[in-house]
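Right, one structure below, let's go through it.
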Amino acid sequence: MPWILDGLADLHGALRADGYTVIGPTYRDGAIVLAELASADDLPYGWGVTLEPGGYRTRRREDDAAFAHSAGPQSWKPFLHPPRVKLWEGRRTEDGGFSIETEEETPPRYAFLGVRPCDLRAIGVLDHVMIGGAHPDEAYGARRTGAFIIAVNCTEPGETCFCASMGTGPRADTGYDLVLTELIGEGRFLAEVGTGAGAALLDRIPREEADEAVTEGALAEVAAAADRMGREMPEPEGLRDLLAGSLDAARWDDVASRCLTCGNCTMVCPTCFCTTVEDVTDLTGEHAERRQRWDSCFDLDFSHLPGGSVRTSGKSRYRQWLTHKLGTWHDQFGSSGCVGCGRCIVWCPVGIDLTEEVAALREEQEERRD
Amino acid sequence: MTAMTPTPYRVVTRHAETHDTVTLTLEPCDAAIAPVRPGQFTLLYAFGVGEAPISVSGTGPLLDQTVRDVGAVSHALTVAGPGQMIGVRGPLGVGWGIEETTGRDVVLAAGGIGLAPLRSALLYALEHRASYGDITLLVGARTPGDLLYAAEMADWRGRGVRVEVTVDRAHSGWDGQVGLITTLVSHLDAAPDAVAFVCGPEIMMRLTARELLARGIDDVRISLERNMRCGIGWCGHCQLGPWLLCRDGPVVPYRDAAPLLSVREL
């Protein structure tokens, strides 16, 4: 049964009372970032965003909506799959060998407040990569299992959003404990339950039953958002074959003439998971550490082999990224790696738009076929 | 203890194979890693220096691992003497699958250090000699001085392996063949249902596999090399098209790899 919440202070308070570190969107330094929310007042009320390829600006809205902004520079990835992790410490032993110690870290208990449907799917995609295989990353698993997820259906898609065409939004389907739909202009939220934990939390806070008309009205707003996406991924169901058949496309030279190989797209992407492993010592050589940190397929050393890097040209590195994200991700992990959040378009310093690149690859393929 | 924690092993023997390549035999300090199948690899850790993926070259509970000195980590491994502790993670990847190819002729074709992962398949076949048909080992090396396991080849021949060696450049005193390994393949005498395992530089594997296919041998498996940082499917570095080679390889069917290997910088 859907409920109506008058503001989010009680919800936030209940999460804090349960010991959760509540993470959600907040306004900082001219952007909507994800950070710990000390109270529900920290939400970015009245802020919207204007997005374009290579451009992001916050703007004041005429209402006080909390969730009327689309994806910001961060996703939830840094919380679940942190950019830097110490894996273990080693020290020399007296017999000339070494011993290795892994710290037993208490995983944080996060409550994610305000997870967009695109980002919710991204967490599912990341789960499959990080803990769905033969060697699950247990530290990720601990962070993930402990997380309480409050999704927010999207009523304000941005100019670079294309979740509707990727089938990931604007309405959240599964993977949340609670899902909210903001009744913009009213300061109230429709709340629906996804899990028993979500229901138990709702039971403890003041709420009203939502009548049918309010529920239908709110969800109609969400459905209507599908038609206001600023972008569309052309023929998403054929992407795997398109990319596999486009390895020698001329378009890669075109995009490479614009791409700076900076790797921003991989940093902001909510599913890009690649890491490197760094083994370091202190000056005495007696203590060593192994660290894992985010890496990018745009880095020249990413494909390093003793004879030289496999992918030296910018063309080959962009091709690797796009082909993996939209194509071979299906082979490796059973789904697309793209959820349609549009971050890679916004945070690309030269505004490369993957939906445009896909359209061009499609056109080239059709020309070759004719 | 996680999948990223090395298991301590100790060097039992260090045997110099060539001027830049040594074979280390490692024994566990305490617990051992799981049994290794021929063609699988481990990540060897030199304390404070780092890790490198190294194939396992033997079949026993002690690990024979042949390392060529090509970088900081492999250098630290090649100078490790008896008693030195080395960290081991593994076994990793899928192997040659020789356990499932009983009853058939076996062809092993190696270029340079590529003989290292093939030695485990060869030794496995010799330990189960009655289960296999003819066994042929074709080896290409730059010079006679670059040949790995040279002292063992007589023993392999004695146990019924047809061993053929060719070098790119000979010196005086070399009475063997000079030329490409593909020449050896063209004189091959193996049944069409033979299984062929190939490892070496990519260009050598492509040419060798093509020659094997031309000889009617369809089941050609190659072992590929890509950058590996984790070995367990986390880091994304070892991708080649649809594969994470640490997970789906390093051994893959040549027929699936051929279209990928023909694309530059894939």
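Each Cβ is built from the backbone N, Cα and C atoms, and glycine gets one as well.
Straight from TrEMBL, the features:
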- B:Cys230, B:Cys235, B:Cys238, B:Cys246: [2Fe-2S] cluster binding site (BINDING)
- B:4-98: domain 'FAD-binding FR-type' (DOMAIN)
Candidate with sparsest Cβ neighbourhood (10 Å radius) among B:Cys230, B:Cys235, B:Cys238, B:Cys246, the listed binding-site residues: B:Cys235
Assigned conformation of B:Cys230 ([2Fe-2S] cluster binding site) - DSSP reduced to three states: coil
Mean per-residue pLDDT computed across the domain 'FAD-binding FR-type' (B:4-98): 97
Remaining residues near the recorded [2Fe-2S] cluster site, that is with C-beta within 8 Å of the centroid of the site residues B:Cys230, B:Cys235, B:Cys238, B:Cys246: B:Met228, B:Arg229, B:Gly231, B:Ile232, B:Gly233, B:Trp234, B:Gly236, B:His237, B:Leu244, B:Leu245, B:Arg247
Helix, strand and coil counts within the domain 'FAD-binding FR-type' (B:4-98) (DSSP): 8 helix, 46 strand, 41 coil
